[in-house]
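What follows is a set of notes on a single structure, which appears directly below.
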Amino acid sequence: MLSRTVAVKKEVSTESFPVQDYKSLPPVDRGIEAWTCCISAFFIEFLFWGPQSSFGTFQSYYGANPPFNRSTGTDITLIGTAGLALEYAAGIVLMFAFQKRPQYFKLLMWLAGIVGASFTTKVWVLIICQGVLPGLAAALISFPVYIWMTQWFVERRGLASGIMIAGASLGGVCLPLILSSLLGRFGVPWTMRIWASITLVIGTLAIYFSNPRLPPVSDTPGAKLVFSLRSFMSIQFLSIALASCIQAAAYFPVTVFLPTQASKLGISNPNIVLSALNLASIPSRLAWGFASDRFSAITLLSISSASSGVLAFPLYGFGNGFGALLSFALLFGLLAGGYSSMWAQACCSITSKDSGQVTVLYSALFLARGTGCIVGPIVASVLYHPSTVREGINGSAYGLFGSGPLIILVGSLMIVSAPLSLLAHWGSSRGVKTSRQLE
């Protein structure tokens, strides 16, 4: 049931901050400081998460051009999945070790990887330079900002999260078109170097203007990051984490293989379809995030997955031309692209709105999603064997050029994810209390 969420006026934990200094802090949910951090977070997402949404551009280029086309599709897929997995999965570990302001050496780590990738002709080096190093650096830069966003926003946390991660979607819109143009004109080496130069300029500014609302935990005597094992191991949280993992395993194969499928259908610029998906995910992230501030985020998670799965079977399966595939990309981006923008309020629904607790649970959801973004594309690369024959499953028009198994995988996983989210409601109805109820 889509019930309205109950507003909780509690801001953030003052356990690690002197009460007498608390009134001197900038206000939450408003003010130039809060929105400056939000805008900076938007650009950090654009720069460091947008490229992972655009890897399908490289996947298609590497698979069609020497010297990388001598490698298997699975090996090439590992470049993108390694980076994306580290961005998602490393945060829950790194947040305890790196609680201070992001340092510029993390940006230099990202730049070193991309520039290093410009000098290689080996896929295994690309896995390290284009995948591992940028993914690790992006996690180091972005996860402290996620912590700060929970300090700056409480009642508007869903909207702020949507604005922040919409940056990744905008990057996913612009970068495939920019990178495909650069790749076609200059090839891999100079594309990487131009890309690194742009990131250096914008990234330096974005990092400079992103700041926490509270002093770093390590700067406060006797401070500690609050952590509740009760919330972390509750059936409510575990069901949301599992649902997020499965949803990611369905979503990311689409972002990886959509340009390849479009190319097989004879679309002259296949990256337009991927850009359309990422474009649609911008209003999706804003809308789902805004809605989660007002309605049950858990129910909204289920609606997003179920509607995406129902859409995928017919429209993706029979997407045998530019118009049909473009329609699928736009609708799929609208329905599934904003899934993670509801996490912040979903975490608030199973614990207090304490920034420390929400940060721990929020980061753990990134770990779950990171697992899905590794497993999904790898399984999809095993199932999807692009064919030169314009034929679908059993000679039908469903899933042309060998894409049938991929389409069935995407639709099935989305459908499975939907009821798992609702287990959080079931846990409450069975008397499993959340940490908010225990306070």
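Placement of Cβ uses the backbone N, Cα and C atoms for every residue, glycine included.
Feature list (source: TrEMBL):
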TRANSMEM  76-98  transmembrane segment
TRANSMEM  107-125  transmembrane segment
TRANSMEM  131-149  transmembrane segment
TRANSMEM  161-184  transmembrane segment
TRANSMEM  190-210  transmembrane segment
TRANSMEM  231-252  transmembrane segment
TRANSMEM  298-316  transmembrane segment
TRANSMEM  322-339  transmembrane segment
TRANSMEM  360-384  transmembrane segment
TRANSMEM  404-426  transmembrane segment
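Same-chain neighbours of the transmembrane segment (161-184): 38, 41-47, 49-54, 56-58, 61, 145, 149, 153, 190-191, 194-195, 255, 259, 269, 271-272, 274-275, 277-279, 281-282, 284-290, 333, 337-338, 340-341, 343-344, counting only residues six or more beyond its ends whose CB sits under 8 Å from a CB of the stretch. The transmembrane segment (404-426) and the transmembrane segment (298-316) are in contact, since at least 3 Cβ pairs between them lie under 8 Å (pairs 6 or more apart in sequence).
Outside the transmembrane segment (360-384) by six or more residues, the chain places 73-74, 77-78, 80-81, 84-92, 95, 143, 146, 150, 225, 227-228, 231-232, 237, 240-242, 244-253, 256-257, 340, 343-344, 347, 350-351, 402-403, 405-406, 409-410, 413 with a CB less than 8 A from a CB of the stretch. Proximity of distant same-chain residues to the transmembrane segment (322-339), defined by a Cβ-Cβ separation under 8 Å and at least 6 residues beyond the stretch ends, is recorded for 162, 169, 244, 247, 250-251, 254, 258, 261-262, 265, 267, 272-274, 276-289, 301, 304-305, 307-308, 311-312, 315-316, 414.
If you count C-beta pairs under 8 angstroms between the transmembrane segment (231-252) and each of 107-125, 131-149, 190-210, 298-316, the highest count goes to 298-316.
Counting only same-chain residues 6+ beyond the ends of the transmembrane segment (131-149), those with a CB under 8 A from a CB of the stretch are 37-38, 40-41, 44-45, 48-49, 51-52, 78-88, 90-91, 94-95, 98-102, 106-107, 109-110, 112-114, 116, 157, 160-161, 164, 203, 207, 210-213, 355, 359, 362-363, 366. Among residues of the same chain six or more beyond the transmembrane segment (298-316), those with a C-beta under 8 A of the stretch's C-beta atoms are 1-3, 236, 240, 243-244, 247, 250-251, 254, 288, 291-292, 324, 327-328, 331-332, 335-336, 338-339, 342, 346, 349, 407-408, 410-415, 417-419, 421-422, 424-425.
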